[in-house]
Amino acid sequence: RSRALILGVLALTTMLSLCGGEDDIEADHVAFYGISVYQSPGDIGQYTFEFDGDELFYVDLDKKETVWMLPEFGQLTSFDPQGGLQEIATGKYNLEILIKDSNFTPAANEAPQATVFPKSPVLLGQPNTLICFVDNIFPPVINITWLRNSKSVTDGVYETSFLVNRDHSFHKLSYLTFIPSDDDIYDCKVEHWGLEEPVLKHWEPEIPAPMSELTETVVCALGLSVGLVGIVVGTIFIIQGLRSGGTSRHPGPL
């Protein structure tokens, strides 16, 4: 299967160096927006907008709507998704022309890397969020699925669009809101063209092993012993202090 990728990228900066390269550009803030389209069965492509490396929104190709990273952003401004959809369509058209008019070498499929971790320290019974971070994605076509006790989970799942790395690969984050329980185990399932088979990244809460009755007894005994020693030592110091004070106040011979 031959696949090709074309990226359309425009970067806006507050201060630009006209003659320097990317590493020579100095800017207070950088806004990045662009499209990514690639040859593949079905309608695949995306339009994203980032500011200082953080995604603000993307255009959902299936739902044909603007998806804000934080709902509050959508209350401050707006973006017509038709603009992003039009740019995606233009990019696909240009891609087909490039493929027909040139001899291209299909890009190699890279094997993505996944990591799963909780957003906050885990406490049983307290709501939390699991994050599946998938990096080194190329081409940007991937399926990320959450499993709880080996069963698919769809409620409480949210994922970002494909975010561009400096080496032109992509990364994506998938979130799962959950309530930690010592009865549940979770897996992040990753499917990609660069993998011979799906990869499962396992996670389960690390619950400290309960202390045995003997251990609890020993700990309590040690604590009591330390407390008694402290009382005895403190009493000795107090007595010595009183004696020293009495001696210093005793009148000497005339």
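Heads up, the Cβ atoms here are built off N, Cα and C, so glycines get one too.
Quick look at what Swiss-Prot lists:
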type	residues	note
REGION	25-109	region 'Alpha-1'
CARBOHYD	Asn103	N-linked glycosylation site
REGION	110-203	region 'Alpha-2'
DISULFID	Cys132-Cys188	disulfide bond
CARBOHYD	Asn143	N-linked glycosylation site
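Structural mapping of features recorded in Swiss-Prot.
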residue: Asn103; record: N-linked glycosylation site; Cβ contacts under 8 Å, 6 or more apart: none
residue: Cys132; record: disulfide bond; Cβ contacts under 8 Å, 6 or more apart: Ala114, Thr115, Val116, Ile144, Trp146, Leu173, Ser174, Tyr175, Leu176, Cys188, Val190, Lys201
residue: Asn143; record: N-linked glycosylation site; Cβ contacts under 8 Å, 6 or more apart: Lys189, Val190, Glu191, His192
* Structure fact -> For the region 'Alpha-1' (25-109), the averaged pLDDT of the predicted model is 74
* **DSSP residue counts for the region 'Alpha-2' (110-203), split into helix, strand and coil** => 0 helix, 54 strand, 40 coil
* Structure fact -> Taking all protein chains shown into account, the Cβ-based neighbour count within 10 Å for Cys188 (disulfide bond) is 23
